[in-house]
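Annotation source TrEMBL lists substrate binding site at LEU17, GLU22. Feature annotation from TrEMBL assigns ATP binding site to ARG107, LEU108, GLY109, ARG110, GLY111, LYS112, GLY113, TYR114, TYR115.
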Amino acid sequence: VIAHPKYQESKRIAIFLSMPDEVQTEEIIKDIFKQGKECFIPRYKPQGNHMDMLKLSSAEDISSLALTSWNILQPSDDDTAREEALAGGGLDLIFMPGLGFDKKGNRLGRGKGYYDTYLERCMKHPRGKPYTIALAFREQICESVPVTENDVPIDEILYEDC
């Protein structure tokens with residue numbers, strides 16, 4: 001990931017805080033700060049499919065975040081001091097989680113459409129849609145995954161030995 005050309009050229013990067021069954025992102029987050037890039041993480045609204053990408057001030061900032069009912073760390077709803085990526089300069093790159101992927105760039109998420117609706121919002125930003133990279137385990141690569149007209153294909157899937 002860290003040697004990837006898109007990562008190297010990106011300044012504003014959104015990345016998920018991994019759940020135990022996902023590719024672990026902690027070292028990538030540390031590198032984002034080490035390289036002087038800006039790091040944004042998701043804040044999900046559990047009652048719908050709205051998600052914002054909010055800026056982290058440091059890798060250590062993660063320890064100040066609240067734990068949701070889904071056991072995900074994220075900024076609390078009353079945390080209004082953080083920059084939202086689309087309210088500012090947009091994003092260059094989004095690292096995306098998922099349950100399954102196919103080689104056509106289709107992604108099976110957890111069913112709420114958070115990333116798809118966020119990418120739709122990105123397309124309306126002056127910067128346009130950021131490059132999207134899914135982080136996956138080889139076992140998550142399938143022949144095909146079910147898609148709907150609302151699903152936004154990802155640009156690239158990174159997994160071991162890809």
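Even glycines carry a Cβ here, placed using N, Cα and C.
Unlike curated entries, TrEMBL annotations are predicted automatically.
The ATP site, placed at the center of the C-beta atoms of ARG107, LEU108, GLY109, ARG110, GLY111, LYS112, GLY113, TYR114, TYR115, has further neighbours from the same chain whose C-beta lies within 8 angstroms: GLY98, ASP116.
Shown in sequence order, MET96, GLY98, GLY100, PHE101, TYR115, ALA134, VAL145, ASP151, PRO153, ILE154 are the residues of the chain, 6+ apart in sequence, with a C-beta less than 8 angstroms from the C-beta of ARG107 (ATP binding site).
For GLY113 (ATP binding site) paired with LEU17 (substrate binding site), the C-alpha to C-alpha distance reads 17 Å.
Of the listed binding-site residues, namely GLY109, GLY111, GLY113, the sparsest Cβ surroundings within 10 Å are found at GLY111. GLU22 (substrate binding site) and GLY111 (ATP binding site) are 16 Å apart (CA-CA, integer value).
The two recorded residues, GLU22 (substrate binding site) and GLY109 (ATP binding site), show a Cα separation of 12 Å. Listed binding-site residues: LEU17, GLU22, TYR115; maximum Cβ neighbour count within 10 Å falls on TYR115.
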